[in-house]
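Written out below as C-alpha cells is the structure these notes cover.
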Amino acid sequence: MEPPDPIPMSALQHAVYCLRQAALIHLERLWADNRFTAEGHVLHAVTDRPGGRRARGIRRASGLALASRRLGIAGIADLVEFHLSQDGETPYPVEYKRGKAKLHRADEVQLCAQGLCLEEMTGRPVPAGALFYAQTKRRVEVPFDADLRALTEQTVADLRAVFDARATPPAIYRADRCRACSLSELCRPKQLARPVLAWRARQIEQLLLPEPPS
Amino acid sequence: MRKLLNTLYVTTEGAALRKDGENLVAEVEGAERARVPFHMLGSVVAFGPVLVSPALMGACAANGISLVLLDRVDRFQARVEGPVAGNVLLRRAQYAASEAPDDIVRSLVMGKVANQRSVLLRHLRDHGEGDGQEPAEAISAVCERLARILQRLAAGLTGLDHLRGAEGEAAQLYFSVFGHLVRSPDPEIRFLGRSRRPPLDPVNAVLSFLYTLLTHDCRSAAESVGLDPAVGFLHRDRPGRPSLALDLMEELRPVLADRLALSLLNRRQLRARDFETRDGGGVLLTEEGRRTVLTAWQERKREERLHPFLDEKAPLGLVPYLQAQFLSRHLRGDLDAYPPWFWK
Ligand code: SF4
C-alpha cells in the first residue's frame, strides 16, 4: 500500500491557529489572498533559493527539503544552519516570518517540526532553532523543550485525523481568533452557527404574515 | 466583504482585446477605448465578433478572470478556463447531493416563489390603484396562490417531481399577470406571455438578455467557489447546459432581472426604437438598447441590500457569489440546509 501523503509542514502553523483554517486551506484549497498571504509569498520567493553559504564555522543551507517518516510530514525549510562543534555539526533551523512575534505558538510549532525532521534525517539531537521576524529584524531563539515537542506532535496528529477523514472541522466562532483570520469571509463562522432549517421556516412565516394596513 | 470586481462587456463589433502588462486593453479601429487592470476585473463578456489575443486569454486564465464569448444573438459560444478548476471534495459532495437533492430544491423554489410574490406585492403597493380594479384583483389572486404554494413548500412537500411542479405552477401564475406590471406608454412595448428563443416581444427580449447576463454571473460564482456549474439540482443535467448556474439564478431572477427590465421599460429608458424585429418574428434589442441595459445592469449590481442570511449589507452583484458560497458550505456539511435569498 502507498504510504499516506505527507502533511505539508506549512499547514501546522494554520492548524495551531485553528484546525478548521488549516483544513480550508490545505484540504479544500480555499485561499484568501489578502495582503498578508501575498507578502508571505514574496518573502518566501526571496528566501526559498536553494544553495549554501559558509560563514564563521556555520554552514548554511537554504531551501532545504525536510521530511519525517515517523510523523508523516514534509516541507521546505527557509534556512538551516549547521553549527560546527567538536563532535560534528548540529542542525539549527531558522524560519523567516513577516511581522513580529505572535502571542500564539504557531510559528514555534512549525519550527519545531523542522527540528524533529532534522533529528530524524541527521540522527543528531536538535535542541533549538530560531525565528527571524522581518518587522523587528530580530532573531528569537526557540528551545525545543518537551512542551513544544508534545504540542507539535499533537498538532500533527490532529491534522492527520482531519486529512484522513477529508472532513473540515466545524467552525467555532471565537472573536479573538476569527477577527484576525484571513479566511473569515470564506469560513463565515458566525453564519455557520445558525441553523438554516429553523431560519428558513421563520422567514417564510414572516413573509406570509398579512400585510400591515398602511 | 469581498470586492465586487468589474465585468467588462464588449459589444462593439470588431473590437480587439489584448494584454498590455498587467492590464486589459480594448481597441476599436486601432484606438484605445478601455484599459482595466487585471486585479480589478472579475470577468469579460464579448458579444459577437470580437478579437481576443492569446496572451490575454492566458492572463485571464492565470488571474481567475472568466472570459466568455457569446455569439451575435447572445448564445454561449466559449469560455476560457484556468488550470485550477474546482475543489474535488466539494464536487464529490455536490454529485452525491444531486442524487437526492430534495431539500436544496425546496430552498431554491422557496426563494424563487417568495421573490416572485414580493415583486408582485411591491407592484401592488406602488401602482395598484393606478392599475384599475381588474388587474389589481388578478395580481392579488396570484399572490394568494403563490402564498399557498409557499405554505405547501414549507409544510414539507416532497418528491422532486412535486417540487419541480410547484416551481412550474408558480412561474405560470406569475407570468400570467406579469403583463400588468408593464406600464410603458409605448403601445409596442407589450408582454404577450413568456417566449424564448426567439423572444416574440420587447419585454421578452429584455428578459432574455438579462437572464443571459445573470446566467453568466451565476456560472462564474459557482466556479469561483469550486462547484461544478454543469451539475444541478432543480434543473436536470443535460450536456452543455450549466444546470447549477440556472439553479442559482432562479431565486435571483425576479429581483435582479425582472424588476430591472420593468423599470427600464416603464421609465422609458428603453423604447420601441431600441428593438428590432427579425424575420420570423423574433424581437431583439438593438446595439444601443443593449448598451442601455448593460449600463443599468452594472449599476444595479452595485446597489447594496441587506442579505437576510448573511445579516449584512451586500451589493446585489455579490449575491450569486454569496449564495454559491452558502451552497458549498451546505454541501460540505457546515450548514444544515441551503439558505435561500429572500428579497425584502
Ligand atoms: S474564521 Fe475562525 S473558525 Fe473560521 S477558519 Fe478562521 S479562525 Fe477558524
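Cβ atoms here come from the backbone N, Cα and C positions, even for glycine.
Note: TrEMBL annotation is automatic and uncurated.
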Given that TrEMBL records B:E167, B:H235 as binding Mn(2+), the matching residue among B:E223, B:E250 is B:E250
In all the protein chains shown, the tally of other Cβ atoms within 10 Å of the Cβ of B:E250 (Mn(2+) binding site) is 23
Same-chain shell around Mn(2+) excluding B:E167, B:H235, B:E250, C-beta within 8 angstroms of the CB centroid, reads B:V105, B:L108, B:V109, B:K112, B:R164, B:L234, B:L246, B:D247
In all the protein chains shown, the tally of other Cβ atoms within 10 Å of the Cβ of B:E167 (Mn(2+) binding site) is 20
Counting across all protein chains, other CB atoms within 10 angstroms of the CB of B:H235 (Mn(2+) binding site) number 19
